[in-house]
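Q: Below are the features I grabbed from Swiss-Prot:
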DOMAIN    11-280  domain 'tr-type G'
BINDING   20-27, 88-92, 142-145  GTP binding site
Amino acid sequence: MSLNDYPQQVNKRRTFAIISHPDAGKTTITEKVLLYGQAIQTAGSVKGKGSSTHAKSDWMEMEKQRGISITTSVMQFPYNDCLVNLLDTPGHEDFSEDTYRTLTAVDSCLMVIDSAKGVEERTIKLMEVTRLRDTPILTFMNKLDRDIRDPMELLDEVENVLNIHCAPITWPIGCGKLFKGVYHLYKDETYLYQTGQGHTIQEKRVIKGLDNPELDAAVGDDLAQQLRDELELVQGASNEFDLDAFLQGELTPVFFGTALGNFGVDHFLDGLTQWAPAPQSRQADSRAVASSEQKLTGFVFKIQANMDPKHRDRVAFMRVVSGKYEKGMKLRHVRLGKDVVISDALTFMAGDRSHAEEAYAGDIIGLHNHGTIQIGDTFTQGEELKFTGIPNFAPELFRRIRLKDPLKQKQLLKGLVQLSEEGAVQVFRPLMNNDLIVGAVGVLQFDVVVSRLKSEYNVEAIYENINVATARWVECSDAKKFDEFKRKNEQNLALDGGDNLTYIAPTMVNLNLAQERYPDVKFFKTREH
(Lines of atoms letter the chains of each structure in order from A and count residues from 1; the text may use other names and numbers.)
(Lines give C-alpha, C1' and ligand atoms only; values in the text may rest on other atoms or scores of the structure.)
Protein backbone atom coordinates (compact mmCIF):
# COMPACT_ATOMS: atom_id res chain seq x y z
CA MET A 1 0.00 0.00 0.00
CA SER A 2 1.35 3.41 -0.85
CA LEU A 3 1.49 5.70 2.15
CA ASN A 4 -0.55 8.31 0.27
CA ASP A 5 -3.44 5.93 -0.14
CA TYR A 6 -3.85 5.22 3.59
CA PRO A 7 -5.20 8.62 4.81
CA GLN A 8 -7.59 8.66 1.86
CA GLN A 9 -8.94 5.20 2.76
CA VAL A 10 -9.43 6.16 6.42
CA ASN A 11 -11.03 9.53 5.66
CA LYS A 12 -13.72 8.00 3.46
CA ARG A 13 -14.90 5.68 6.24
CA ARG A 14 -17.98 6.44 8.34
CA THR A 15 -18.81 4.01 11.16
CA PHE A 16 -22.18 4.52 12.84
CA ALA A 17 -24.93 2.76 14.75
CA ILE A 18 -28.67 3.35 14.89
CA ILE A 19 -30.22 3.91 18.30
CA SER A 20 -33.94 3.85 18.95
CA HIS A 21 -36.70 2.61 21.19
CA PRO A 22 -38.13 -0.79 20.18
CA ASP A 23 -40.51 -0.52 17.21
CA ALA A 24 -39.49 3.00 16.20
CA GLY A 25 -38.54 1.49 12.82
CA LYS A 26 -34.85 0.83 13.21
CA THR A 27 -34.70 -2.46 11.32
CA THR A 28 -36.74 -0.95 8.47
CA ILE A 29 -34.31 1.96 8.27
CA THR A 30 -31.39 -0.47 8.21
CA GLU A 31 -33.00 -2.22 5.24
CA LYS A 32 -33.56 1.02 3.37
CA VAL A 33 -30.05 2.28 4.09
CA LEU A 34 -28.65 -0.92 2.57
CA LEU A 35 -30.93 -0.50 -0.42
CA TYR A 36 -29.38 2.93 -1.04
CA GLY A 37 -25.94 1.44 -0.60
CA GLN A 38 -26.96 -1.10 -3.28
CA ALA A 39 -26.17 -3.87 -0.86
CA ILE A 40 -29.62 -5.36 -1.41
CA GLN A 41 -31.80 -4.67 -4.41
CA THR A 42 -35.26 -5.03 -2.90
CA ALA A 43 -35.58 -4.33 0.77
CA GLY A 44 -36.91 -7.38 2.64
CA SER A 45 -39.20 -5.51 4.94
CA VAL A 46 -39.69 -7.12 8.33
CA LYS A 47 -43.15 -8.62 8.26
CA GLY A 48 -45.03 -11.11 10.38
CA LYS A 49 -43.69 -14.50 11.36
CA GLY A 50 -45.17 -16.33 8.41
CA SER A 51 -43.67 -14.20 5.70
CA SER A 52 -40.68 -15.60 3.90
CA THR A 53 -38.92 -12.30 3.29
CA HIS A 54 -37.24 -11.85 6.60
CA ALA A 55 -35.25 -8.70 7.08
CA LYS A 56 -31.77 -9.07 5.72
CA SER A 57 -30.15 -7.92 8.94
CA ASP A 58 -31.91 -10.25 11.41
CA TRP A 59 -30.36 -13.64 11.22
CA MET A 60 -30.44 -15.81 14.32
CA GLU A 61 -33.21 -18.41 14.41
CA MET A 62 -34.95 -16.79 17.36
CA GLU A 63 -34.77 -13.36 15.73
CA LYS A 64 -36.48 -14.69 12.65
CA GLN A 65 -39.26 -16.21 14.75
CA ARG A 66 -39.84 -13.09 16.81
CA GLY A 67 -39.22 -10.40 14.21
CA ILE A 68 -36.68 -8.53 16.32
CA SER A 69 -32.95 -8.04 15.96
CA ILE A 70 -31.20 -9.71 18.85
CA THR A 71 -27.56 -9.66 17.87
CA THR A 72 -25.55 -6.78 16.60
CA SER A 73 -24.59 -7.35 13.04
CA VAL A 74 -22.31 -5.28 10.87
CA MET A 75 -22.89 -4.18 7.31
CA GLN A 76 -20.58 -2.27 5.01
CA PHE A 77 -21.73 -0.43 1.89
CA PRO A 78 -20.56 2.41 -0.37
CA TYR A 79 -22.43 5.74 -0.49
CA ASN A 80 -21.42 9.16 -1.91
CA ASP A 81 -17.72 8.28 -2.29
CA CYS A 82 -17.68 7.08 1.31
CA LEU A 83 -17.56 3.56 2.73
CA VAL A 84 -20.17 3.29 5.45
CA ASN A 85 -20.05 0.72 8.24
CA LEU A 86 -23.44 0.31 9.89
CA LEU A 87 -23.56 -1.53 13.20
CA ASP A 88 -27.06 -2.81 13.76
CA THR A 89 -27.93 -2.73 17.45
CA PRO A 90 -30.74 -4.73 19.01
CA GLY A 91 -33.57 -2.33 19.72
CA HIS A 92 -35.77 -4.70 21.65
CA GLU A 93 -36.61 -4.09 25.30
CA ASP A 94 -33.74 -5.89 26.84
CA PHE A 95 -30.78 -6.26 24.70
CA SER A 96 -29.02 -3.49 26.37
CA GLU A 97 -25.56 -4.73 27.25
CA ASP A 98 -24.67 -5.71 23.72
CA THR A 99 -26.15 -2.47 22.47
CA TYR A 100 -24.25 -0.33 24.97
CA ARG A 101 -20.98 -1.98 24.03
CA THR A 102 -21.61 -1.55 20.32
CA LEU A 103 -21.85 2.18 20.92
CA THR A 104 -18.21 2.14 22.07
CA ALA A 105 -17.18 1.00 18.56
CA VAL A 106 -18.78 3.77 16.45
CA ASP A 107 -17.86 7.37 15.59
CA SER A 108 -21.43 8.67 15.21
CA CYS A 109 -25.04 7.55 15.75
CA LEU A 110 -28.37 7.95 14.04
CA MET A 111 -31.21 8.36 16.52
CA VAL A 112 -34.55 7.19 15.17
CA ILE A 113 -37.69 8.57 16.80
CA ASP A 114 -41.26 7.45 16.21
CA SER A 115 -42.90 10.80 15.43
CA ALA A 116 -46.23 9.66 16.84
CA LYS A 117 -44.65 8.91 20.22
CA GLY A 118 -41.67 11.19 20.64
CA VAL A 119 -38.71 10.45 22.89
CA GLU A 120 -39.08 7.08 24.63
CA GLU A 121 -37.36 5.52 27.61
CA ARG A 122 -34.91 3.24 25.79
CA THR A 123 -33.74 6.14 23.62
CA ILE A 124 -32.99 8.15 26.77
CA LYS A 125 -30.88 5.30 28.15
CA LEU A 126 -28.93 4.84 24.91
CA MET A 127 -28.33 8.57 24.62
CA GLU A 128 -26.76 8.50 28.10
CA VAL A 129 -24.23 5.98 26.80
CA THR A 130 -23.36 8.09 23.73
CA ARG A 131 -22.82 11.00 26.13
CA LEU A 132 -19.93 9.16 27.79
CA ARG A 133 -17.90 9.80 24.64
CA ASP A 134 -19.80 12.83 23.25
CA THR A 135 -20.65 10.86 20.11
CA PRO A 136 -22.12 13.05 17.31
CA ILE A 137 -25.82 12.30 16.76
CA LEU A 138 -28.04 12.68 13.68
CA THR A 139 -31.81 12.41 14.20
CA PHE A 140 -34.47 10.88 11.95
CA MET A 141 -38.12 11.57 12.80
CA ASN A 142 -39.78 8.47 11.38
CA LYS A 143 -43.30 7.35 10.44
CA LEU A 144 -44.55 10.54 8.79
CA ASP A 145 -46.95 8.42 6.78
CA ARG A 146 -48.87 8.05 10.07
CA ASP A 147 -50.49 10.75 12.16
CA ILE A 148 -47.72 12.35 14.16
CA ARG A 149 -47.25 14.86 16.96
CA ASP A 150 -46.57 18.49 16.11
CA PRO A 151 -43.01 18.68 14.68
CA MET A 152 -42.08 21.75 16.78
CA GLU A 153 -43.22 19.88 19.87
CA LEU A 154 -41.03 16.90 18.89
CA LEU A 155 -37.97 19.15 18.56
CA ASP A 156 -38.68 20.74 21.96
CA GLU A 157 -38.99 17.33 23.55
CA VAL A 158 -35.64 16.16 22.12
CA GLU A 159 -33.98 19.35 23.36
CA ASN A 160 -35.47 19.19 26.85
CA VAL A 161 -35.41 15.46 27.56
CA LEU A 162 -32.15 14.55 25.82
CA ASN A 163 -30.42 17.84 26.48
CA ILE A 164 -29.14 18.35 22.92
CA HIS A 165 -29.83 21.26 20.54
CA CYS A 166 -31.85 20.46 17.40
CA ALA A 167 -31.17 21.94 13.97
CA PRO A 168 -33.91 20.91 11.51
CA ILE A 169 -32.44 20.18 8.06
CA THR A 170 -35.70 19.12 6.42
CA TRP A 171 -39.27 20.05 7.41
CA PRO A 172 -42.40 17.94 6.79
CA ILE A 173 -45.33 18.96 4.61
CA GLY A 174 -48.41 17.40 6.17
CA CYS A 175 -48.46 13.94 7.75
CA GLY A 176 -50.44 10.71 7.72
CA LYS A 177 -52.64 10.41 4.61
CA LEU A 178 -51.79 14.04 3.78
CA PHE A 179 -48.01 13.59 3.91
CA LYS A 180 -46.67 15.26 0.76
CA GLY A 181 -42.92 15.39 1.32
CA VAL A 182 -40.28 17.55 2.97
CA TYR A 183 -38.66 20.92 2.37
CA HIS A 184 -34.85 21.12 2.69
CA LEU A 185 -33.99 24.29 4.62
CA TYR A 186 -30.40 24.52 3.37
CA LYS A 187 -30.92 23.63 -0.29
CA ASP A 188 -34.22 25.53 -0.68
CA GLU A 189 -35.79 22.48 -2.34
CA THR A 190 -38.97 20.52 -1.80
CA TYR A 191 -38.87 16.73 -2.21
CA LEU A 192 -42.25 15.19 -3.02
CA TYR A 193 -43.39 11.89 -1.54
CA GLN A 194 -45.12 9.13 -3.51
CA THR A 195 -46.87 6.26 -1.77
CA GLY A 196 -46.32 2.64 -2.73
CA GLN A 197 -42.60 3.02 -3.40
CA GLY A 198 -41.41 1.37 -0.20
CA HIS A 199 -39.39 -1.41 -1.79
CA THR A 200 -37.45 0.56 -4.35
CA ILE A 201 -35.62 3.85 -4.51
CA GLN A 202 -38.08 6.59 -5.41
CA GLU A 203 -37.48 8.78 -8.40
CA LYS A 204 -36.63 12.18 -7.03
CA ARG A 205 -39.31 14.78 -7.62
CA VAL A 206 -37.77 18.09 -6.68
CA ILE A 207 -39.28 21.58 -6.72
CA LYS A 208 -36.76 24.43 -6.46
CA GLY A 209 -37.61 27.38 -4.21
CA LEU A 210 -40.22 27.94 -1.52
CA ASP A 211 -42.20 30.49 -3.54
CA ASN A 212 -42.36 28.35 -6.65
CA PRO A 213 -46.03 28.08 -7.83
CA GLU A 214 -45.31 24.42 -8.73
CA LEU A 215 -45.19 23.77 -4.99
CA ASP A 216 -48.76 25.03 -4.50
CA ALA A 217 -49.91 22.95 -7.46
CA ALA A 218 -48.22 19.80 -6.13
CA VAL A 219 -49.23 19.91 -2.45
CA GLY A 220 -52.30 22.17 -2.51
CA ASP A 221 -52.60 25.84 -1.52
CA ASP A 222 -53.41 25.15 2.13
CA LEU A 223 -50.42 22.90 2.83
CA ALA A 224 -48.08 25.16 0.86
CA GLN A 225 -49.16 28.16 2.93
CA GLN A 226 -48.95 26.16 6.16
CA LEU A 227 -45.38 25.15 5.22
CA ARG A 228 -44.35 28.77 4.63
CA ASP A 229 -45.87 29.87 7.94
CA GLU A 230 -44.25 27.02 9.86
CA LEU A 231 -40.86 27.70 8.29
CA GLU A 232 -40.96 31.32 9.40
CA LEU A 233 -41.55 30.08 12.92
CA VAL A 234 -38.89 27.38 12.66
CA GLN A 235 -36.23 29.68 11.31
CA GLY A 236 -36.92 32.12 14.12
CA ALA A 237 -37.09 29.58 16.92
CA SER A 238 -34.65 26.78 16.14
CA ASN A 239 -30.87 26.46 15.91
CA GLU A 240 -28.92 26.69 12.69
CA PHE A 241 -26.75 23.72 11.86
CA ASP A 242 -23.25 24.18 13.30
CA LEU A 243 -20.67 21.56 12.34
CA ASP A 244 -18.45 22.03 15.42
CA ALA A 245 -21.38 21.77 17.83
CA PHE A 246 -22.49 18.59 16.00
CA LEU A 247 -19.01 17.04 16.21
CA GLN A 248 -18.90 17.77 19.95
CA GLY A 249 -22.24 16.03 20.50
CA GLU A 250 -24.02 19.27 21.47
CA LEU A 251 -26.30 19.65 18.45
CA THR A 252 -28.17 17.17 16.26
CA PRO A 253 -29.31 17.76 12.66
CA VAL A 254 -32.93 16.58 12.31
CA PHE A 255 -34.45 14.92 9.24
CA PHE A 256 -38.10 13.94 8.69
CA GLY A 257 -39.39 11.00 6.65
CA THR A 258 -40.86 7.52 6.57
CA ALA A 259 -38.57 4.51 6.45
CA LEU A 260 -41.40 2.17 5.48
CA GLY A 261 -42.27 4.42 2.52
CA ASN A 262 -38.54 4.73 1.81
CA PHE A 263 -38.61 8.50 1.94
CA GLY A 264 -36.07 10.76 3.61
CA VAL A 265 -33.51 8.02 4.18
CA ASP A 266 -31.15 9.39 1.53
CA HIS A 267 -31.41 12.86 3.09
CA PHE A 268 -29.82 11.75 6.35
CA LEU A 269 -27.32 9.53 4.49
CA ASP A 270 -26.20 12.65 2.63
CA GLY A 271 -25.84 14.40 6.00
CA LEU A 272 -23.99 11.45 7.50
CA THR A 273 -21.42 11.22 4.71
CA GLN A 274 -20.97 14.99 4.55
CA TRP A 275 -20.76 15.82 8.28
CA ALA A 276 -20.14 12.73 10.40
CA PRO A 277 -16.54 12.27 11.49
CA ALA A 278 -14.12 9.88 9.82
CA PRO A 279 -12.60 7.29 12.22
CA GLN A 280 -11.49 8.97 15.45
CA SER A 281 -8.54 8.41 17.75
CA ARG A 282 -9.12 6.28 20.86
CA GLN A 283 -7.83 6.25 24.39
CA ALA A 284 -5.69 3.31 25.48
CA ASP A 285 -4.18 2.79 28.94
CA SER A 286 -0.83 4.36 28.06
CA ARG A 287 -1.66 6.82 25.26
CA ALA A 288 -4.24 7.89 22.69
CA VAL A 289 -4.04 6.01 19.39
CA ALA A 290 -4.72 8.11 16.27
CA SER A 291 -6.55 6.58 13.30
CA SER A 292 -3.81 7.96 11.05
CA GLU A 293 -1.15 5.67 12.54
CA GLN A 294 0.13 3.04 10.12
CA LYS A 295 0.46 0.17 12.61
CA LEU A 296 -2.65 -1.91 13.15
CA THR A 297 -4.48 -1.74 16.49
CA GLY A 298 -8.02 -2.77 17.36
CA PHE A 299 -10.31 -3.91 20.17
CA VAL A 300 -13.01 -6.56 20.48
CA PHE A 301 -16.42 -5.14 21.44
CA LYS A 302 -18.61 -8.15 20.84
CA ILE A 303 -18.48 -11.91 20.50
CA GLN A 304 -21.15 -13.83 18.72
CA ALA A 305 -21.65 -17.54 18.53
CA ASN A 306 -22.84 -19.60 15.63
CA MET A 307 -23.21 -17.14 12.84
CA ASP A 308 -22.93 -20.26 10.78
CA PRO A 309 -25.28 -22.99 12.01
CA LYS A 310 -23.21 -25.58 10.11
CA HIS A 311 -20.21 -24.87 12.32
CA ARG A 312 -20.11 -24.37 16.05
CA ASP A 313 -18.07 -21.24 15.53
CA ARG A 314 -17.79 -18.01 17.43
CA VAL A 315 -16.72 -14.78 15.89
CA ALA A 316 -15.12 -11.87 17.73
CA PHE A 317 -16.00 -8.49 16.24
CA MET A 318 -12.99 -6.17 16.23
CA ARG A 319 -13.06 -2.45 15.54
CA VAL A 320 -9.90 -1.44 13.70
CA VAL A 321 -8.63 1.71 15.42
CA SER A 322 -5.53 2.36 13.32
CA GLY A 323 -3.54 0.83 10.50
CA LYS A 324 -4.50 -1.68 7.86
CA TYR A 325 -5.39 -5.35 8.17
CA GLU A 326 -3.97 -7.59 5.47
CA LYS A 327 -4.63 -11.28 5.06
CA GLY A 328 -2.12 -13.50 6.87
CA MET A 329 -0.96 -10.74 9.20
CA LYS A 330 0.69 -11.50 12.51
CA LEU A 331 -1.01 -9.72 15.40
CA ARG A 332 -0.29 -9.63 19.12
CA HIS A 333 -3.15 -10.71 21.38
CA VAL A 334 -2.07 -8.41 24.20
CA ARG A 335 -3.99 -9.92 27.16
CA LEU A 336 -2.52 -13.37 26.48
CA GLY A 337 0.88 -12.05 25.38
CA LYS A 338 0.66 -14.28 22.30
CA ASP A 339 1.28 -13.63 18.61
CA VAL A 340 -1.34 -15.03 16.25
CA VAL A 341 -1.52 -15.17 12.49
CA ILE A 342 -4.90 -13.95 11.22
CA SER A 343 -5.43 -15.51 7.83
CA ASP A 344 -9.19 -15.69 7.69
CA ALA A 345 -10.75 -12.53 9.11
CA LEU A 346 -14.29 -11.79 7.90
CA THR A 347 -16.07 -8.76 6.56
CA PHE A 348 -19.83 -8.57 6.81
CA MET A 349 -23.00 -8.18 4.95
CA ALA A 350 -25.20 -9.46 7.77
CA GLY A 351 -24.96 -13.23 7.73
CA ASP A 352 -23.23 -13.39 4.35
CA ARG A 353 -19.63 -13.44 5.31
CA SER A 354 -16.78 -12.86 2.96
CA HIS A 355 -13.11 -13.24 3.80
CA ALA A 356 -11.44 -9.90 4.29
CA GLU A 357 -8.42 -9.24 2.14
CA GLU A 358 -7.91 -5.88 3.79
CA ALA A 359 -9.54 -3.52 6.27
CA TYR A 360 -8.70 -0.02 7.44
CA ALA A 361 -9.21 2.09 10.56
CA GLY A 362 -12.96 2.42 11.17
CA ASP A 363 -13.78 -1.00 9.71
CA ILE A 364 -15.10 -3.94 11.69
CA ILE A 365 -13.61 -7.36 11.04
CA GLY A 366 -14.54 -10.75 12.42
CA LEU A 367 -11.90 -12.98 14.00
CA HIS A 368 -12.56 -16.70 14.39
CA ASN A 369 -12.58 -17.40 18.08
CA HIS A 370 -12.06 -20.78 19.67
CA GLY A 371 -12.68 -19.52 23.18
CA THR A 372 -9.46 -17.53 23.60
CA ILE A 373 -10.76 -14.05 22.71
CA GLN A 374 -12.82 -12.06 25.21
CA ILE A 375 -14.76 -8.81 24.99
CA GLY A 376 -12.40 -5.88 25.50
CA ASP A 377 -9.30 -7.66 24.18
CA THR A 378 -6.80 -5.51 22.28
CA PHE A 379 -4.82 -6.63 19.21
CA THR A 380 -1.71 -4.76 18.00
CA GLN A 381 1.34 -5.30 15.81
CA GLY A 382 3.46 -5.83 18.90
CA GLU A 383 2.84 -2.81 21.12
CA GLU A 384 1.61 -3.55 24.67
CA LEU A 385 -1.60 -1.51 24.63
CA LYS A 386 -5.04 -1.88 26.14
CA PHE A 387 -7.98 0.16 24.90
CA THR A 388 -10.20 1.39 27.70
CA GLY A 389 -13.89 2.11 28.10
CA ILE A 390 -15.64 -1.13 27.10
CA PRO A 391 -18.10 -1.70 29.94
CA ASN A 392 -19.80 -4.64 31.61
CA PHE A 393 -22.98 -3.62 33.48
CA ALA A 394 -24.26 -5.11 36.71
CA PRO A 395 -27.37 -7.15 35.81
CA GLU A 396 -30.76 -6.06 37.08
CA LEU A 397 -32.57 -9.41 36.92
CA PHE A 398 -31.53 -12.77 38.34
CA ARG A 399 -32.72 -16.36 38.14
CA ARG A 400 -31.37 -19.69 39.24
CA ILE A 401 -30.90 -22.07 36.33
CA ARG A 402 -31.04 -25.83 36.64
CA LEU A 403 -31.05 -28.88 34.44
CA LYS A 404 -33.87 -31.22 33.54
CA ASP A 405 -31.15 -33.89 33.22
CA PRO A 406 -28.68 -33.56 36.13
CA LEU A 407 -25.97 -35.50 34.26
CA LYS A 408 -25.33 -32.61 31.89
CA GLN A 409 -23.94 -30.21 34.49
CA LYS A 410 -20.61 -29.94 32.64
CA GLN A 411 -22.23 -28.98 29.32
CA LEU A 412 -24.48 -26.48 31.12
CA LEU A 413 -21.52 -24.74 32.76
CA LYS A 414 -19.55 -24.71 29.50
CA GLY A 415 -22.53 -23.27 27.60
CA LEU A 416 -23.19 -20.59 30.21
CA VAL A 417 -19.56 -19.52 30.43
CA GLN A 418 -19.35 -19.27 26.63
CA LEU A 419 -22.59 -17.28 26.47
CA SER A 420 -21.29 -14.99 29.20
CA GLU A 421 -18.00 -14.38 27.37
CA GLU A 422 -20.10 -13.40 24.41
CA GLY A 423 -21.94 -10.89 26.57
CA ALA A 424 -25.34 -12.54 26.06
CA VAL A 425 -25.82 -13.03 29.78
CA GLN A 426 -23.82 -13.04 33.01
CA VAL A 427 -23.24 -16.14 35.09
CA PHE A 428 -22.50 -16.28 38.79
CA ARG A 429 -21.35 -19.33 40.74
CA PRO A 430 -21.89 -18.87 44.50
CA LEU A 431 -18.91 -19.95 46.64
CA MET A 432 -21.13 -21.79 49.15
CA ASN A 433 -23.09 -24.14 46.88
CA ASN A 434 -23.36 -25.55 43.37
CA ASP A 435 -26.11 -23.23 42.20
CA LEU A 436 -25.76 -21.39 38.92
CA ILE A 437 -27.26 -17.91 38.88
CA VAL A 438 -27.94 -16.15 35.60
CA GLY A 439 -28.03 -12.35 35.55
CA ALA A 440 -29.45 -10.27 32.72
CA VAL A 441 -30.29 -6.67 31.95
CA GLY A 442 -33.66 -7.63 30.44
CA VAL A 443 -36.15 -10.50 30.54
CA LEU A 444 -35.77 -11.52 26.90
CA GLN A 445 -32.14 -12.47 27.57
CA PHE A 446 -33.34 -15.34 29.77
CA ASP A 447 -35.38 -16.84 26.91
CA VAL A 448 -32.46 -16.43 24.53
CA VAL A 449 -30.16 -18.35 26.87
CA VAL A 450 -32.53 -21.29 27.28
CA SER A 451 -33.23 -21.55 23.56
CA ARG A 452 -29.53 -21.32 22.69
CA LEU A 453 -28.49 -23.85 25.35
CA LYS A 454 -30.96 -26.23 23.76
CA SER A 455 -30.05 -25.64 20.11
CA GLU A 456 -26.28 -25.23 20.51
CA TYR A 457 -25.32 -27.33 23.54
CA ASN A 458 -28.18 -29.83 23.59
CA VAL A 459 -28.96 -28.96 27.19
CA GLU A 460 -32.51 -28.51 28.50
CA ALA A 461 -32.59 -26.04 31.34
CA ILE A 462 -35.30 -24.37 33.39
CA TYR A 463 -35.33 -21.30 35.60
CA GLU A 464 -36.35 -20.84 39.21
CA ASN A 465 -36.89 -17.56 40.98
CA ILE A 466 -34.14 -16.53 43.33
CA ASN A 467 -33.96 -13.91 46.01
CA VAL A 468 -31.34 -11.60 44.51
CA ALA A 469 -31.77 -7.85 44.11
CA THR A 470 -28.46 -6.87 42.54
CA ALA A 471 -24.79 -7.74 42.09
CA ARG A 472 -21.60 -5.71 42.50
CA TRP A 473 -18.02 -6.53 41.57
CA VAL A 474 -15.81 -6.21 44.66
CA GLU A 475 -12.17 -5.23 45.04
CA CYS A 476 -9.99 -4.12 47.95
CA SER A 477 -6.38 -2.97 48.10
CA ASP A 478 -5.94 -4.09 51.72
CA ALA A 479 -5.51 -7.89 51.60
CA LYS A 480 -6.15 -8.38 55.32
CA LYS A 481 -9.43 -6.46 55.31
CA PHE A 482 -10.47 -8.20 52.09
CA ASP A 483 -9.87 -11.63 53.68
CA GLU A 484 -12.03 -10.65 56.64
CA PHE A 485 -14.75 -9.40 54.27
CA LYS A 486 -14.62 -12.66 52.28
CA ARG A 487 -14.74 -14.81 55.42
CA LYS A 488 -17.74 -13.03 56.93
CA ASN A 489 -19.72 -12.68 53.70
CA GLU A 490 -19.01 -16.01 52.08
CA GLN A 491 -22.71 -16.80 51.73
CA ASN A 492 -23.12 -13.70 49.52
CA LEU A 493 -20.05 -14.12 47.32
CA ALA A 494 -19.87 -15.66 43.86
CA LEU A 495 -17.52 -15.84 40.88
CA ASP A 496 -18.70 -14.53 37.52
CA GLY A 497 -17.95 -16.11 34.12
CA GLY A 498 -14.48 -14.54 34.11
CA ASP A 499 -13.77 -15.66 37.72
CA ASN A 500 -14.12 -12.14 39.13
CA LEU A 501 -15.37 -11.94 42.70
CA THR A 502 -18.92 -10.61 42.96
CA TYR A 503 -21.15 -9.68 45.89
CA ILE A 504 -24.68 -11.00 45.38
CA ALA A 505 -27.11 -8.89 47.42
CA PRO A 506 -30.53 -10.33 48.36
CA THR A 507 -31.85 -6.79 48.96
CA MET A 508 -30.66 -3.23 48.40
CA VAL A 509 -30.68 -2.73 52.19
CA ASN A 510 -28.28 -5.65 52.54
CA LEU A 511 -25.95 -4.08 49.95
CA ASN A 512 -26.02 -0.69 51.66
CA LEU A 513 -25.22 -2.29 55.02
CA ALA A 514 -22.29 -4.23 53.54
CA GLN A 515 -20.94 -1.04 51.96
CA GLU A 516 -21.18 0.80 55.30
CA ARG A 517 -19.62 -2.06 57.23
CA TYR A 518 -16.64 -2.43 54.89
CA PRO A 519 -15.64 1.06 53.74
CA ASP A 520 -12.30 -0.25 52.37
CA VAL A 521 -14.00 -2.64 49.97
CA LYS A 522 -14.99 -1.09 46.65
CA PHE A 523 -18.34 -2.18 45.16
CA PHE A 524 -18.55 -1.61 41.38
CA LYS A 525 -21.68 -1.37 39.28
CA THR A 526 -19.78 -1.62 36.00
CA ARG A 527 -16.57 -3.43 35.22
CA GLU A 528 -14.28 -2.68 32.32
CA HIS A 529 -13.38 -5.68 30.24
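Glycine is no exception: its Cβ is also placed from the backbone N, Cα and C atoms.
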Q: By Cβ count within 10 Å, point out the most packed of the binding-site residues listed: Asp23, Leu144.
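A: The residue with the densest Cβ neighbourhood is Leu144.
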Q: In the structure shown, which of the binding-site residues Ser20, Lys26 has the fewest Cβ neighbours within 10 Å?
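A: Sparsest of the binding-site residues Ser20, Lys26 by Cβ contacts within 10 Å: Ser20.
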Q: Over the domain 'tr-type G' (11-280), what is the model's average pLDDT?
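A: The average pLDDT of the model in the domain 'tr-type G' (11-280) works out to 84.
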